[in-house]
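Features as listed in Swiss-Prot:
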{"type": "BINDING", "residues": "Cys22, Cys92, Cys95, Cys98", "note": "[4Fe-4S] cluster 1 binding site"}
{"type": "REGION", "residues": "57-77", "note": "region 'Disordered'"}
{"type": "COMPBIAS", "residues": "61-73", "note": "compositional bias 'Low complexity'"}
{"type": "REGION", "residues": "209-231", "note": "region 'Disordered'"}
{"type": "BINDING", "residues": "Cys246, Cys307, Cys591, Cys595", "note": "[4Fe-4S] cluster 2 binding site"}
{"type": "REGION", "residues": "599-637", "note": "region 'Disordered'"}
{"type": "COMPBIAS", "residues": "604-621", "note": "compositional bias 'Polar residues'"}
{"type": "REGION", "residues": "709-739", "note": "region 'Disordered'"}
{"type": "COMPBIAS", "residues": "713-738", "note": "compositional bias 'Polar residues'"}
Amino acid sequence: MAFSGALTLTDLNDYLGPSQACIKPVQAADVPSQDHSDVSALAASASTHIAIDHDGAYYESSTPPSSSLSAADSRPRQRTKLETAQISLNDCLACSGCVTSAESVLITMQSQDEMRRAIAELNQSNANKLVVASISTQSLASLSAKYTFQHPQPSSSRSASTSTLPLRVLLHRISYFLKTVFGFDHVYDTTFARHIALKEHQREFFQRRENARKRAKLSNAPADDDDRLHPDQVDGPTLPMLASACPGWICYAEKTHGELLPYISTTKSPQQVAGVIAKRFLPERLGLLAPSAPDQPSIYHVTVMPCYDKKLEASRPDFYDDITGTKEVDCVLTTGELDKLMLDEAFDICTPVPGEQEAIQESIAELSLQQAFNTPNPDVGSASVSMMPRLPRLPQLLDQPGSSSGGYLFLLMRAVWLDWISVHWDSLPLSVREQGILPKLDVRVIRTTDFTEFVLRAPTQLVEPCNDDTSQSSILFRGAQCYGFRNLQNLVRKLQKQTGVRNTRGAAARLVDADGNAIGAAAARNRASSAKARARGRGGMMRRARAGAAAVVKSSPLNPDAEAVDVTQLQLSTAHEEDERGYDYVEVMACPSGCVNGGGQIRPPTQSDVDVTRSSTTVDNHATDPEGYTKGGWAADQAGDHDGLELMLNKTCSNKTSAVPDEADEEKEVRGWQGTSKEWVRRVEEAYWQDSSVAQTRVTVAAVNRAVDQGGANDSGSSTPTLVGSGANTPLSSSNAKSIRVEDHQRLLESLAVSNAERAQRTRVVKLGGDAMAYADVLAELVVNELCLLAAPAGDALALDSARDKLFRTQYRAVQDEAVNGLAVQW
């Protein structure tokens, strides 16, 4: 089985080959002796031997004391067969021992071989079975990038829409492969599960924000009020909130920074939400979990993910389904493993499959809600499922504005903006409401685009002051995208400074209770540290230095002193306001560039792949690049004929057109996992957004922003909402590497635009295909409510909320140092 460069360490001198010598041995209790006359003498004279038989079995044999040797010689020695230790990912302590000892042994429980074995076992049984697969869009994008490179489009058909293999086509072909070869019943992408996870993420964020506002009100209450509660007596977690969809980040936080666990979102990842749909919703709709069912069905759920750490996430004991008696996700395959599986079965994903066009047209056809909910599902191909289900058609490849790592930050930013709009809509001028309104958005790239801050500001000059607790500040939301382990270190320091918590290493677990709240004396210390941090005025000197420098640059030549003072005060006030605000939310991912560059993704082509592509590609009279593509395609954006290829092959090259600043050079050196590069990640990113309707829509933000800013100066500092994107295939120029991606910014601004037409469209008839996102909202609410009613049949509001939290929430626990360094292992 092949592993990515993210897990394979070849340059360590303490590397050990895979073996059964595990770091977590099986413990066995000693049997008490029946003869207590002289236990010490017997222990001193007796001995135990462990022998290996010819069949590889282990046997324990006991040698009697020397006083009874004559009697022992007359009878055969007693032997006891020892049980073989079974080690799986359930036994993972997150100690990093598998990296240098037994990587293959631990991963065997989550591999294509295990999937083959499990499906073969299901096929041999006579019980009802349901086999479901969930495929991530990042995996589809990686496959699209690979096979588009290996099978370039002819020059006559080259266009933006045909330059890559469409994700919808890939999804249908993979679905055909899994159903015909392995007998899968349903194959979905994870976008609908992600949609439910995002809705739950939004629900949790507003709960935390409400808790934060309650604590703020209690802090501002008069001190002589005897009935005043302490702010820390408000139940529930508060802000900032950190993303929890990345298992690598969760593993790192549990091992190293247990003090941050109360701030990590408890919402399940899209993979685990897909498991809830596969193990709860689908069987219930298919009638497999009905009381009249003859026996318990066998449900097997496989996911295809861009990350090896998703295997660890699926193996967590928290994700065990008590109803079905199985895990929410039984097996996780990486993108590379799925690709190898198709190659082993001689399946050509570039060849159309029977009924492809009809199936794709049917998937995008406009259907009313009644038709979409009551159409018999054609995906049921297993003979064991005999009933005609009324399974709603799940939407495919939902276009979620935001990043290619899930769009968590952008979703919350939009939700906060729409919440502000709903409160202040009637107070806005009629001309602004008709034309459209956008917030002020500050985007700041910190060193590289893998650490980007977003500050959402309300256009306060258009709204009369109100009495809510948010009117004191124009900042509605402050968040960040933090990708890569190097940026995680900076993020942790920022969060510790903002919250006042400390890294207590071994005592990390004692800071967090079962619900993720700080407890005991450690909680008191954290409160004191947080108060001191707020009193210090975090980052004052650094901010003032930068503000002063900016003021000198922006001084007016006619009156430099007055202008410099005005700009300095403005920027000082803005910096102080942002610093006091802190982060509301951070989208954290452990991989550089996010999930499209996960450790389980397909690696870039090697030199041999390039040579094969060159020799197999027919070249016409037009000029071609080194990859065999006609110039003007993907390679047209590169600095020279060979630069794109050299970047993709992870080799150094020189820019032939323009000098690159030092900051851009530093950005170019930032690579993903071993064997990949920024250029290849960019191609996967382009494949991910190729069908994005938001990215293909041009919005002239500058005109709208001027309407918002009339009557007042733009006080948003480094606000950049005047960028206009040119589609999903707009490249990130190497000469401007520290700027925000234009297409990312375009998608964000498009999702934030609100007008009367936008509000009127919300009352129209919802149809699948016509507006997949609106249909997904309705279906997501239906799925969540139905699952909650199944878990809490009484229908009580508190019981339904508790059932919802149990279905879509989880908890995290700090790992103490003793478990990490092996001292907790009992030999």
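Just so it is clear, glycine is given a Cβ too, placed from its N, Cα and C backbone atoms.
Structural mapping of features recorded in Swiss-Prot.
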{"residue": "Cys246", "record": "[4Fe-4S] cluster 2 binding site", "DSSP (3 states)": "coil"}
{"residue": "Cys307", "record": "[4Fe-4S] cluster 2 binding site", "DSSP (3 states)": "coil"}
{"residue": "Cys591", "record": "[4Fe-4S] cluster 2 binding site", "DSSP (3 states)": "coil"}
| For Cys595 ([4Fe-4S] cluster 2 binding site), what residues in its own chain, 6 or more apart in sequence, show a Cβ-Cβ distance under 8 Å? | Ser136, Gln138, Cys246, Pro306, Cys307, Ser404, Ser405, Gly406, Met589
| message | Can you tell me how many other Cβ atoms are located within 10 Å of the Cβ belonging to Cys246 ([4Fe-4S] cluster 2 binding site)? | response | 27
| said: Taking 8 Å from the centroid of the Cβ atoms of Cys246, Cys307, Cys591, Cys595 as the cut-off, which other residues in that chain fall inside it around the [4Fe-4S] cluster 2 site? | reply: Pro247, Gly248, Pro306, Asp309, Ser405, Met589, Ala590, Gly594, Asn597, Gly598, Gly599
| query | Which number gives the other C-beta atoms within 10 angstroms of the C-beta of Cys591 ([4Fe-4S] cluster 2 binding site), all protein chains shown included? | reply | 27
